[in-house]
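Heads up, the thing below is written out as structure tokens.
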Amino acid sequence: MYKYIIRRILIFIPMLFALTIIVFALLKAAPGDPFSQILDPDIEAGVLDEQRAAAGFNDPIHVQYINWLTSAVKGDFGDSFRYKGREVTEVIMDRIPNTVYLGLFSLLITIIVAIPIGIYSARHPYSLFDYAATGFGFFGLAVPNFFFGLVIIYLFAIQLGWFPSQGSISSTSLTGMELFTDRIHHLILPGLTLGLASTASYMRYMRSEVLNVLSSDYIRTARAKGMSERNILYKHTLRNAMIPIITLFGFEIGSLLAGAIITEGVFNYPGLGTLFLSSIGNRDYPVIMAIAFLLGLFILVGNLIADILYSIVDPRIRYD
Amino acid sequence: MENNYIPVADPGTSQIAPEEKSRTPFQLALGRFLKNKMAVASVFILFIIVSAVMAAPLLTDQDPTKSNLLLVEQSPSAEHPLGTDSSGRDNFARLLYGGRISLIVGFSAMVFTLAIGVVLGAIAGYYGKLVDAFIMRFADMILILPFLVLVLVIVAILNKVTIGIFVTIIALTSWPGLTRIVRGTFLSLREQEFVLGAKAIGATDLRIIFKHFIPNAIGPIVVNATLMMASYIIVESALSFIGFGIPQPTPTWGNMISEAQSIRILQNNPEAWIPPGLAILVTVLCINFIGDGLRDALDPKSLER
């Protein structure tokens with residue numbers, strides 16, 4: 001197991017380098033640099049070129065890459081084009097908490113909804129409830145999340161007026177408990193939207209895993225020795241059925257983040273996703289690339305943790 | 001004991017079943033597919049949708065791109081069954097013509113991805129070694145960033161998007177999944193003895209790939225192509241919705257839904273944005289059901305069904 005974990009971490013390092021190379025290549029492919037944003041007519045043409053050279057823009061490409069990498073490691077991604085004079089890191093840090101709240105909240109919804117339904121479906125396969133759940137699963141994977149978001153805004157925010165349709169808080173003056181409930185209130189609709197697809201897929205995974213375990217020999221043995229259905233479910237079935245589900249969370253982080261970009265756009269929710277979209281609109285390349293790098297990093301780390309977790313909970317796994 | 005009753009052959013009928021013509025794998029698969037009710041119904045519904053968008057000029061005489069600033073955000077009327085959008089364009093015509101674009105983008109992106117994915121997967125899986133390592137590491141690199149993020153970054157760099165560019169971006173960023181599948185199948189086929197046999201009688205690499213390997217890998221390729229098309233329709237609509245897809249005034253289902261970003265249209269003109277959303281939902285559902293049906297039908301292990 002330790003051998004596997006070490007080898008898995010060793011693979012992580014070249015992947016991380018690959019990510020930095022991709023992001024750097026995309027950054028170089030993007031037109032313009034910080035100096036092309038300066039449109040002050042008083043600056044002589046030659047001065048900008050001198051400054052470009054001083055800032056290292058004429059250096060060989062590998063030197064530029066190493067310079068970029070060393071500052072990126074320190075968390076320095078340069079200054080934003082759009083938010084004048086503000087560092088990219090600072091602009092991004094402002095938005096991270098909101099996206100984390102949204103991601104965790106939708107994950108919570110997914111767990112609360114998908115796991116019990118999946119278990120119930122597996123225990124009563126081909127029942128009316130199971131068919132309804134399967135139908136919901138197909139729907140959840142086929143509906144575009146932005147359209148689902150619009151529909152629930154239309155129903156619950158506009159027609160019924162239960163939830164706000166925009167933003168993450170209603171006022172900056174709120175504190176303590178009020179702020180907390182206000183945040184939750186704003187999170188419900190975007191959380192449902194972001195969680196829909198993953199709820200549908202976890203439900204299907206959970207159902208098939210539990211069905212799989214329930215048909216195994218040791219469950220029959222447990223039944224034969226007279227164990228109660230309750231104990232069979234909680235002590236024997238779920239423990240094994242949950243293994244692949246837990247690790248799935250690590251692998252799903254990519255689709256969760258991609259979904260968050262669109263969901264935040266629909267609800268105008270001030271997180272990383274809306275920052276990413278507005279930066280693309282403004283062609284604010286330093287911010288775009290830093291976010292892309294950050295998302296790639298989240299995914300690599302998520303996959304790494306998932307793989308390691310999997311090797312811990314399921315000792316049969318071997319790397320080859 | 002009725003349970004032990006053994007039927008006695010009716011002397012009128014032959015004891016040996018009449019010689020049944022052996023069915024080709026394709027016929028067997030077709031038979032299995034036709035037994036899947038959801039898949040067959042989906043083919044039928046998808047056929048209706050495709051016919052409707054192809055017959056768009058027959059179903060409406062409105063121009064989907066012609067603005068009329070005197071008639072913006074109109075409610076449904078006899079002339080405009082689904083009203084008009086924020087630039088006074090007819091929503092019903094846009095729904096039909098937009099369906100064309102959405103389906104064409106989804107389909108051509110699928111064909112393009114299929115071409116890249118199968119060719120690279122075939123090369124990697126057939127030749128193995130260094131070529132394989134090179135192609136697969138390249139695939140891994142593309143897979144590091146989520147597909148949507150990569151597409152958005154490229155859109156940001158390019159600054160200008162047309163249907164052709166859009167399809168190309170999708171294909172160039174999403175081939176690795178298919179390549180992995182094709183490569184995996186080829187790697188296992190490569191070691192089998194019939195390949196040695198084919199080589200011994202002088203078959204060229206191309207002949208082995210196209211005559212022996214691709215037919216063996218056709219099941220997973222077709223199933224994945226189907227599901228890819230469904231996801232590309234969603235991707236197109238999502239990108240058009242956030243304004244980085246096919247630019248207006250070209251109608252697409254995503255462009256139509258993006259009208260609902262104005263809270264006024266969202267609230268007052270649900271007939272403008274709900275139909276394209278439902279159209280995407282139904283189309284994607286149908287394609288997914290067909291994909292599931294194909295998966296069961298093309299799986300050689302399910303010979304019994």
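From the backbone N, Cα and C atoms, a Cβ is placed for every residue, glycine too.
TrEMBL does not curate its annotations; it predicts them automatically.
Going by TrEMBL, these are the annotated features:
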| type | residues | note |
| --- | --- | --- |
| TRANSMEM | A:9-27 | transmembrane segment |
| DOMAIN | A:96-306 | domain 'ABC transmembrane type-1' |
| TRANSMEM | A:100-119 | transmembrane segment |
| TRANSMEM | A:131-164 | transmembrane segment |
| TRANSMEM | A:184-203 | transmembrane segment |
| TRANSMEM | A:245-267 | transmembrane segment |
| TRANSMEM | A:287-310 | transmembrane segment |
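Against the transmembrane segment (A:245-267), the recorded stretches A:9-27, A:184-203, A:287-310 differ in Cβ pairs under 8 Å, and the greatest number is found for A:287-310. Of the Cβ pairs linking the transmembrane segment (A:287-310) with the transmembrane segment (A:100-119) and spaced 6 or more residues apart, fewer than 3 are under 8 Å, so the two regions do not touch. If you look at the transmembrane segment (A:131-164), the same-chain residues 6 or more away from its ends with a CB under 8 A from one of its CBs are 117-118, 120-121, 170, 185-186, 188-190, 192-194, 196-197, 199-201, 203-204, 207, 259, 262-263, 265-267.
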